[in-house]
């Protein structure tokens with residue numbers, strides 16, 4: 001069987017380098033191209049050398065259209081605007097697009113959904129096995145405990161993260177909302193300040209902390225009468241996201257076009 005040829009977008013960034021490393025280390029996968037933004041100092045450098053893996057004869061380029069020629073998929077942890085552009089290219093080429101980018105607007109998501117009519121797109125706020133298992137647990141717990149238990153989601157990331165709440169926190173919030181059979185957008189409460197009054201019944205609260213080099217900490221709190229349940233995940237190594245992304249690309253090869261999540265990849269979509 002031929003190797004899965006993957007394009008790594010955002011190759012010069014922290015996650016881009018992790019994706020290159022992971023793809024190189026994974027049997028049956030090869031890095032066929034690597035992308036960086038126009039003007040990046042990484043342009044022209046060998047992707048393998050930049051990622052600390054040794055030379056792989058893949059120079060980093062800014063030409064996304066040329067990069068996807070003969071590729072089977074794109075690994076994309078970049079920015080909302082760029083992810084939308086790459087989704088359109090993936091749709092044209094009928095290839096797999098793995099999106100780990102966060103911070104999307106409704107308009108961004110609408111465009112990605114449109115692209116998924118012609119491409120296999122796996123989008124998730126977190127690609128790790130642990131977080132997606134946590135999401136399944138959160139959904140089940142929310143359903144069992146019911147609205148008498150208040151739900152709060154706390155997350156902490158490194159000081160350079162630019163969006164809040166994190167994509168993972170929103171993923172967990174959506175899981176909680178699904179467990180209760182409600183809409184997250186109608187019940188989310190992002191931060192509190194000043195005289196807020198009593199907590200509203202049914203709210204799902206979010207609090208975001210930023211500092212240091214924290215890869216990602218998430219805790220879902222179910223606070224009920226006389227007791228509190230906490231479900232948590234601590235990310236200690238970005239390679240967990242890289243492994244999940246490559247696993248998703250392997251899973252997506254040959255599937256029918258559509259918008260999928262990591263829950264689908266892990267066989268938890270029906271949970």
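Backbone N, Cα and C atoms are what each Cβ position is placed from, and that goes for glycine too.
Residues or ranges marked as NADP(+) binding site in Swiss-Prot (evidence: sequence analysis): 37. Around residue 37 (NADP(+) binding site), the C-beta neighbours below 8 angstroms that are at least 6 residues distant in the chain are 10, 12, 62, 82.
If you draw a 10 Å sphere around the CB of residue 157 (active site, proton donor/acceptor), it holds 25 other CB atoms from the protein chains shown. The annotation active site, proton donor/acceptor is assigned in Swiss-Prot to 157 on the grounds of sequence analysis.
What Swiss-Prot records for 158, 167, 168 is (S)-2,3,4,5-tetrahydrodipicolinate binding site. Reduced to three states, the DSSP call for residue 168 ((S)-2,3,4,5-tetrahydrodipicolinate binding site) is helix.
Summarising the annotation, Swiss-Prot assigns compositional bias 'Basic and acidic residues' to 185-202. Remote same-chain residues near the compositional bias 'Basic and acidic residues' (185-202) are listed as 147, 150, 165, 173, 177, 208 (criterion: CB distance under 8 Å, separation of at least six residues from the stretch ends).
Summary of the (S)-2,3,4,5-tetrahydrodipicolinate site environment: with the site residues 158, 167, 168 set aside, the chain residues having Cβ atoms within 8 Å of the Cβ mean position are 102, 125, 126, 155, 157, 161, 166, 169, 216.
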